[in-house]
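Peer 1: For 1-28, the entry in TrEMBL reads region 'Disordered'. The compositional bias 'Low complexity' annotation in TrEMBL covers 9-23. The domain 'UvrD-like helicase ATP-binding' annotation in TrEMBL covers 45-329. The feature ATP binding site is assigned by TrEMBL to A66, C67, A68, G69, A70, G71, K72, T73. Taken from TrEMBL, the feature domain 'UvrD-like helicase C-terminal' covers 330-531.
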Amino acid sequence: MHKRQSLQRSAGPRGRAARARGAGVRDRARGTMVGMQASAEEILDGLDDAQRRAATSVEGPVRIIACAGAGKTRTITRRIAYACATGAWRPGATLAVTFSVKAANEMRERIAALGVDGVHVATFHSAALAQLREVWNELCEGPFPQLAERRGDLVAQACVRALNREPERRAAHDIEREIDWCKVSLIAPDDYGRVCAATRREPPAQLDVRRFIDVYRQYELEKTARLQIDFNDILLMCAHVLDAFPETAAHIRERIGWLTVDEYQDVSPLQHRLLRGWLGDNRRICVVGDPAQTIYSFAGATSYYLDDFAREFAPLAANIELSRDYRSTPPVVALANRVLSRSPERDGYLRLRAVRGGGPRVTSMIYGTDAEEARAVAAAIRRIVERGGRAADCAVLTRINGQQAVLVRALREAGVPYQVRRDAGWQQSAVADMPPADMSAIDDAAGARAGRATVSTIHASKGLEFKHVFLVGLSDGLMPFHASDDPTTLEEERRVLYVGVTRAEDALHLSYARRMNEESGFVRDVSRFLQ
Ligand SMILES: Nc1ncnc2c1ncn2[C@@H]1O[C@H](COP(=O)(O)OP(=O)(O)OP(=O)(O)O)[C@@H](O)[C@H]1O
């Protein structure tokens, strides 16, 4: 009992789940069944044929590839509830893994709304952390290490030791990111040189390979000396326990009889290794993902495992595609398909089919300066509100955090209440008891209640939907960012645009400004993805 509680606790208090409700957040299981076990048939109510097939394929291994707006969350929550309600699965041995605490809370709430209790829903990190804490005393003498909260200090100290100097702020940040990339990619310091040589990877902060390796090593030593672990160590340590301690591994695996992994297109080699450790010989796994929404490759995520799943886990019990887009109007769907249709990798992406009809055409505007663009967007949202719409149904999406200041100013001047969602980083929102890297990433539900428009990076808007979406800054250099010619980077940028476009339910407004401000001599051109 105690063990189960610790897993549940780690995934965040229920109050957060309750707060996560609200417009702008994905739909939740609707109906009147809260707290009451729904019948198996009721659970499948409102699913289309393909979704139903996915929900009733309760034996593993199952892969579900779903396009944006295809009801992934709806389908996997119903699948879990259906399997538990029919007695095929034991809720207490069911683990569902998501990428953020917010998504975990939402999924838990939706499963509970279908009347099924006791399913563990967690992020990779919170599940692994709870497992480690539980088995720690059996395996180790000392106290459980602390999660490093001031990673900048660790990096600075590592630089002092390895380079005899403190790094500049930007350099420290880049070094930290590279260390994270190495760890999620399972690249130890000794292997880094070979990887750079083979892939032409450049170390960060203008360090040569040797120097970066020294910093990486010193970072690990400094962390250990402080009895601390970082975010990635949680997964590394858990994977190690599963590999090296068979009895402990068997105990952990007892409660992972059925495993579901959401957003599988963004799994890292490290997460994949942990997943294999969780499974052992068990094949009762279901993964869900969309290769077109891989937007964290730069940080070590890869859609390789989603693509390779049919081979890795052959033979599959079911391999299902969900390509009906329930979210967006046909003009939005047409644009999303157009963005992907020009990709050299288009064959690997699903083509969306709009279920809804009608909808206004997608608008495109070019403004003189960023401030003009921001004022026009703020005025448009104000008009929506004056005509009876809700500010909470509006989102302004940017490529980078740095674009948001001018938008926020314009919204304030126009009297439009707003909230800002910044990039907290790919995995920074994955552990409930760890502070997000960026404390300005605010609770979206509070904003939704107050009827505030959302200003968000596209990355931070993943999984959300809004009636009116304003995609700003769509000039080459911002989208794609830096206008890199590297095909892999370009492809990721294309997917970022696709994720932005597909957040829109009803109306989508595209825009960019020709110049940053009146003084700027540089004239921008429209994004190559929209030409
Ligand atoms: N069978 C269905 N009938 C009606 N509406 C549906 C159906 N399936 C999904 N939807 C609606 O479509 C929208 C998208 O669903 P959901 O958020 O689960 O999609 P998703 O696949 O997780 O999206 P994304 O990957 O783009 O974030 C939601 O508003 C949901 O209620």
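Placement of Cβ uses the backbone N, Cα and C atoms for every residue, glycine included.
Curation plays no part in TrEMBL annotations; they are all automatic predictions.
Show me how these features fit into the structure around them.
Peer 2: Cβ environment of A66 (ATP binding site): K72, T75, V288, G289, D290, E321, L322, S323, L350 lie under 8 Å away, each six or more residues apart in the same chain. DSSP assigns A66 (ATP binding site) to a strand in the three-state reduction.
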Peer 1: Output, ordered by sequence, the same-chain residues six or more apart from G71 (ATP binding site) with a CB under 8 Å from its CB, or 'none'.
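Peer 2: Looking at Cβ-Cβ distances below 8 Å from G71 (ATP binding site), excluding near sequence neighbours, one finds L47, D48, Q51, L322, Y326.
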Peer 1: From the centroid of the CB atoms of A66, C67, A68, G69, A70, G71, K72, T73, the recorded ATP site, which same-chain residues not already listed sit within 8 A by their CB, in sequence order?
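Peer 2: Other same-chain residues with Cβ inside the cutoff are T75, D290, L322, D325, Y326, R327.
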Peer 1: Output, ordered by sequence, the same-chain residues six or more apart from A68 (ATP binding site) with a CB under 8 Å from its CB, or 'none'.
Peer 2: D290, A292, Q293, D325, R327, S328, A336, L352, Y498, V499, T502
Peer 1: Helix, strand or coil at K72 (ATP binding site), per DSSP?
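Peer 2: K72 (ATP binding site) sits in a helix per DSSP.
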Peer 1: Are any of the binding-site residues C67, A70, K72 near ligand 1, with a Cβ under 6 Å from it, and if so which?
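Peer 2: Checking each Cβ against ligand 1, the ones under 6 Å are A70, K72.
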